[in-house]
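Some notes on the structure that comes next.
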Protein chains: 2
Amino acid sequence: MPKKNAFYAQSGGVTAVINASACGVIETAREHRAHIGKVYAGRNGIIGALREELIDTSKESRKAIHGLLSTPSGAFGSCRHKMKSLEENRAEYERLIEVFEAHDIGYFFYNGGGDSADTCLKVSQLSESMGYPIQAIHVPKTIDNDLPLTDNCPGFGSVAKYVAVSTREAALDVASMCETSTKVFILEVMGRHAGWIAAAAGLAAQKEGDAPHIILFPEIAFNREKFLAKVKRTVKKYGYCVVVASEGAQYKDGTFLSESGLRDAFGHAQLGGLAPNLAQMVKDEFGYKYHWAVADYLQRAARHIASQTDVDQAYAVGKAAVEMAVAGKNAVMPCIVRSAGKRYNWSIGEAPLDKVANVEKMMPRNFISRDGFNITDAARTYLEPLIQGEAYPAYRHGMPQYVELKNTLVPKRLKRRFKV
Amino acid sequence: MPKKNAFYAQSGGVTAVINASACGVIETAREHRAHIGKVYAGRNGIIGALREELIDTSKESRKAIHGLLSTPSGAFGSCRHKMKSLEENRAEYERLIEVFEAHDIGYFFYNGGGDSADTCLKVSQLSESMGYPIQAIHVPKTIDNDLPLTDNCPGFGSVAKYVAVSTREAALDVASMCETSTKVFILEVMGRHAGWIAAAAGLAAQKEGDAPHIILFPEIAFNREKFLAKVKRTVKKYGYCVVVASEGAQYKDGTFLSESGLRDAFGHAQLGGLAPNLAQMVKDEFGYKYHWAVADYLQRAARHIASQTDVDQAYAVGKAAVEMAVAGKNAVMPCIVRSAGKRYNWSIGEAPLDKVANVEKMMPRNFISRDGFNITDAARTYLEPLIQGEAYPAYRHGMPQYVELKNTLVPKRLKRRFKV
């Protein structure tokens with residue numbers, strides 16, 4: 001096999017550990033210099049390939065690359081750009097080949113979720129459809145935990161840990177003051193289609209009565225009356241009620257709870273937000289004092305409380321991707337395999353990319369309690385191993401030491417510019 | 001000095017380290033058995049004294065009490081209850097004396113902020129005004145950092161660390177995706193009257209151009225045009241803009257930015273929230289994609305990322321309070337004294353309570369940059385030592401191990417009930 005350069009890109013929403021996968025890819029590629037020349041990272045994801053903006057990772061020191069292991073977000077930049085099919089936008093694929101050829105790129109590592117897996121699959125088919133030899137390996141990443149054929153997705157475990165820890169902490173706060181102050185606390189978390197992240201909040205509870213008392217999943221149609229009744233029952237029984245809601249929570253007809261239906265003086269739709277809308281509902285009905293929090297990016301960037309298991313797995317899929325490439329594979333994705341048995345053990349498996357792309361793994365119904373407001377023991381058994389271990393970053397002057405790369409661009413070789 | 005029991009209560013909004021002060025009080029009292037009998041904690045703060053709901057901390061093991069050092073929120077419950085003056089509500093003071101007398105209480109430790117210092121001062125005067133011998137010592141606590149005569153307030157350093165770390169993490173997230181996604185990120189933090197917490201976000205920046213690009217302080221009148229101009233300039237220059245806003249940010253006329261001015265179909269005031277309102281403003285003007293987060297209770301409960309300095313100081317003021325009591329003091333508050341010199345050093349001093357009560361320490365103007373949108377080097381020099389060190393709690397099954405006390409109530413000795 002002739003020596004070729006590699007292209008690596010980060011795609012879609014970033015996570016606390018996507019850079020750990022980058023670290024796995026780059027460190028492992030450096031161990032296979034016989035097969036892999038340089039690793040070029042796309043500046044802002046696949047857009048970097050289309051624009052011929054390639055970052056030369058060989059300009060980064062071993063220390064800097066190793067620092068990626070504990071640095072959140074996308075060190076090379078990411079983007080939301082879904083490539084259309086070859087038929088719909090042949091120009092983009094031709095451009096990719098042009099750039100790959102100009103920089104002698106034979107390996108394509110794409111680090112993303114479901115949409116990205118689809119792009120990666122299309123790239124993997126370039127050899128056949130357009131006669132350009134490329135091996136495309138997908139490196140799984142998504143906080144949404146919705147990729148199929150892998151037990152879980154790198155990025156999820158750390159969000160899960162953040163949400164579980166934050167829920168337990170905020171719940172202690174509310175519990176300690178509910179006699180004279182806030183009775184209902186609402187935490188809004190990410191998860192537009194699947195309730196995995198909200199489910200993780202369930203790990204905050206250790207015994208009957210512990211928060212969260214109500215979890216709202218996108219998978220369960222929201223019923224105002226049932227919700228309010230449960231809030232009331234909980235406040236009566238425990239003195240307070242903690243609600244964790246997926247941003248994707250919705251009514252039976254598909255209307256999101258985050259839509260307020262209000263317009264301001266200029267006629268603009270008022271963006272209510274799920275948490276304030278739920279709070280208003282509780283206030284209107286019972287007059288309870290409430291507070292709400294929206295974790296938003298804090299949750300997926302929270303490297304300071306990342307799960308060690310998640311960091312290990314994120315690195316491992318990056319490493320495995322390179323090993324698969326060197327072994328001549330194409331159109332595959334390293335995945336995480338959970339061993340049978342009571343004690344949690346995982347290893348890396350291999351999933352065919354055409355079975356991954358565009359398939360969304362939803363929460364199994366048996367992970368959600370019968371009343372739809374909490375998780376079951378089965379969910380707990382699944383989730384708990386994923387938040388094990390604390391992968392603390394190093395600190396300096398009281399702040400985590402996250403690396404910033406030089407991100408030196410490779411000189412362009414093509415005259416043609418390409419508009420993305 | 002005859003041996004007397006002690007009363008300890010937590011007051012007002014809880015923090016990540018108020019229990020560390022409780023730990024300091026109780027552990028130190030246990031070392032002074034010649035002077036102090038039992039430490040009774042008020043169930044839900046001062047209300048516990050009025051209702052004769054006293055928690056017998058002697059029923060808790062050494063291990064449990066020591067666990068308070070790393071447990072956030074108020075382990076005995078807190079409350080918002082400001083006692084009126086003796087003239088206005090003599091009945092409450094008489095009740096306190098009745099309860100103190102029934103349980104042989106001679107020491108009063110009150111763990112709270114400015115309002116609580118006032119209550120503590122009033123209690124300290126009971127000896128003189130009502131002929132009941134009591135020594136009242138205030139134990140400072142407030143995330144708002146607004147108590148006078150102390151260099152800083154226990155509880156603040158940990159919120160500051162949480163906000164600084166979260167800002168840096170979320171900023172990395174936004175920076176990595178701004179090319180095709182979110183351009184403006186807004187984080188709302190606590191601080192209704194003083195901008196100390198928002199100021200702490202400034203520690204996230206290491207060099208020119210780093211986030212946060214804009215901090216909104218309650219101390220600086222909000223100017224829509226100046227704000228929007230700065231957002232635009234920042235996005236043009238750096239590709240993205242991170243805003244950290246105090247919940248107390250307000251217009252010149254005192255209108256809070258959190259007021260939306262909207263009403264829903266039922267005529268209820270719509271609770272917009274500061275962060276969504278700012279986001280809407282940016283969207284209306286420039287159409288930038290935005291995200292916003294509201295940290296709310298997560299920030300003041302975040303024991304998982306507490307500052308070691310803060311934990312040490314919280315413990316120290318609890319310990320010093322007991323030592324002052326044993327030394328015969330009354331109407332004082334242990335405070336934190338910063339030594340002169342370049343290297344940060346602190347010790348415990350003593351402040352007279354009548355100089356503490358009802359005085360609010362605002363951010364000095366020279367801590368805020370000339371344009372009103374950021375902190376100065378002077379602020380950085382003041383703030384940075386307060387977030388030093390990571391006081392990680394112990395973990396089990398991937399979750400922090402926070403103690404739950406038995407909170408056994410002392411049998412009531414009084415027939416009379418008292419309605420609070």
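Every residue number used here counts from 1 along the chain in the order it is shown.
Each Cβ is built from the backbone N, Cα and C atoms, and glycine gets one as well.
Keep in mind the model is a prediction, meaning the values are calculated, not measured.
Under the heading active site, proton acceptor, TrEMBL lists A:Asp144. Listed in sequence order, A:Gly113, A:Cys153, A:Phe156, A:Met190, A:Gly191, A:Arg192, A:His193, A:Ala194, A:Trp196, A:Ile197 are the same-chain residues six or more apart from A:Asp144 (active site, proton acceptor) with CB atoms under 8 A from its CB. In the three-state DSSP reading, A:Asp144 (active site, proton acceptor) counts as coil.
The diphosphate binding site annotation in TrEMBL covers A:Gly13. Classification of A:Gly13 (diphosphate binding site) by DSSP places it in coil, neither helical nor stranded. Around the Cβ of A:Gly13 (diphosphate binding site), the number of neighbouring Cβ atoms within 10 Å comes to 25.
Annotation source TrEMBL lists substrate binding site at A:Thr142, A:Ile143, A:Asp144, A:Met190, A:Gly191, A:Arg192, A:Glu247, A:Tyr297, A:Leu298, A:Gln299, A:Arg300. Around the Cβ of A:Gly191 (substrate binding site), a 10 Å sphere holds 28 further Cβ atoms from the protein chains shown.
The feature domain 'Phosphofructokinase' is assigned by TrEMBL to A:9-324.
Contacts of A:Asp115 (site 'Important for catalytic activity and substrate specificity') defined by a Cβ separation under 8 A and a same-chain sequence distance of 6+ are given as A:Ser11, A:Gly12, A:Lys82, A:Asn358, in order along the sequence. Residues annotated as site 'Important for catalytic activity and substrate specificity' in TrEMBL: A:Asp115.
Marked as site 'Important for catalytic activity' by TrEMBL: A:Lys141. Non-local neighbourhood of A:Lys141 (site 'Important for catalytic activity'): A:Gln10, A:Ser11, A:Gly12, A:Thr15, A:Val17, A:Ile18, A:Ser21, A:Asn111, A:Gly112, A:Gly113, A:Cys153, A:Pro154, A:Gly155, A:Ala314, each in the same chain, at least six residues away, with C-beta under 8 Å from its C-beta.
Pairwise Cα distances among A:Thr142, A:Ile143, A:Asp144, A:Met190, A:Gly191, A:Arg192, A:Glu247, A:Tyr297, A:Leu298, A:Gln299, A:Arg300, which the record gives as the binders of substrate, peak at 16 Å.
Annotation: A:Arg300 carries the greatest number of neighbouring Cβ atoms among the binding-site residues A:Thr142, A:Glu247, A:Leu298, A:Arg300 [cut-off 10 Å, Cβ to Cβ]. A:Gly13 (diphosphate binding site) and A:Thr142 (substrate binding site) have their C-alpha atoms 8 Å apart, to the nearest angstrom. In sequence order, the binding-site residues from A:Thr142, A:Gly191, A:Glu247 that place a Cβ under 8 angstroms from a chain B Cβ amount to none.
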